Amino acid sequence: MANPVTLPQTFLLLGSGELGKEFTIAAQRLGNRVIAVDRYPDAPAMQVAQVAEVISMLDGNALEAVVKKYQPDWIVPEVEAIRTEKLLELEAGGYRVIPTAQATNLTMNRDRIRELAAQQLGVRTARYNYATSLAELEEVSQAIGFPNVVKPVMSSSGKGQSVVNNAGEVQQAWSAAIAGARGDQTKVIVEEFIPFELEITLLTIRQWQGETLFCDPIGHRQERGDYQESWQPAPLTQRQLAQAQAIAKTVTDALGGAGIFGVEFFITPEEVIFSELSPRPHDTGMVTLISQNLNEFELHLRAILGLPIPQIKQTGPAASAVILALEAGEKLSYAGLAEALTESGTDVRLFGKPNARPHRRLGVALAQAESVDAARRLAQTVAEKVIVQTE
């Protein structure tokens, strides 16, 4: 794209969760129109978009119909469970997919992005193999060795992941992976367990023109394969940061297009090891809602539209901590907000999800402080004060 586009533009958002909601808000602040699409009604982004559509995004015909109905300027995937082969067809027919249809197709499945990174680009990753049945998983686990990590090739927010310590845990890991998979895949990836010091996300911004940009690295902690807290900046050495940026640029250049990419790494004293990549805003990047002059959603929007990004300024140590449901419920309410909001240097975002299940992420607490450790403690304190009530 040679020049910035003329506004307003129309975005078809495929996936309408909390990340899509923040992107929609960013888009609307510049007067754009958003059609929010998801498989269930009243999803978070639908509550702020001009138009909502409920379809199965794994149904290629339904996906094509909604695209042709609205004729969007941009198709912006926000989740994994999309019939990405249809996006390739739509792009070939003249529709613009962010970052590209091919990038979306590759990264929606862990096997494809892993093959690109490890085999084609020569990037250091954990040793890995695949399984499509319990019997295969038992065999592959023995070959990789214990402990190892089992993940569905297609899932979101770490769902279905397990650390397998011995052969007796393989069957449980298979069941968890299949239950946590998105889409219609029954394939898992088995990785060697990396004894890392730190997991980070490096938010990487590709522009249609101009250099690739990076946010300060974001550290994060996971439980049940899902993000629980994140903080910025993560304490990397100059050597580690340079290695991470070089790898992120190599992989995102191979994918092409424009927008923000969440590139995940394991950090050890000796190595920077590529883990995963999402071609869109990243859940751990919600800390940027308080930590940067331009948050990840605004950066994604500017990159898509070819608008200038003169400076990405990290405004001080910051952290996020998730607010989770403890049990299932169809009617939600929240207590403790008055107590939570008394803390200086903090904020709370409740996503507006219509129902709950155990450990579902319903909101996030944000905090800034004099140090990363203090910000992490403060964000956790605020998150714990918000009580999710279900009926």
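The chain as shown is numbered from 1 upward.
Cβ atoms here come from the backbone N, Cα and C positions, even for glycine.
Quick caveat, the model's predicted, so the values are computed rather than measured.
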Can you find which of Glu78, Glu80, Glu223, Glu229 Swiss-Prot lists as binding N(1)-(5-phospho-beta-D-ribosyl)glycinamide at the same site as Glu18, Leu19, Asp283, Lys353, Arg360, Arg361?
Glu78
Three-state secondary structure, which DSSP defines for Asp283 (N(1)-(5-phospho-beta-D-ribosyl)glycinamide binding site):
helix
Among the binding-site residues Arg110, Lys353, Arg361, which residue has the largest number of other Cβ atoms within 10 Å of its own Cβ?
Arg110
Please identify, among the binding-site residues Arg110, Gly160, Glu191, Glu264, Glu276, the one with the smallest Cα-Cα distance to Lys353 (N(1)-(5-phospho-beta-D-ribosyl)glycinamide binding site).
Gly160
Out of the binding-site residues listed (Leu19, Glu78, Glu191, Arg360, Arg361), which are within 10 Å of Glu264 (Mg(2+) binding site), Cα to Cα?
none
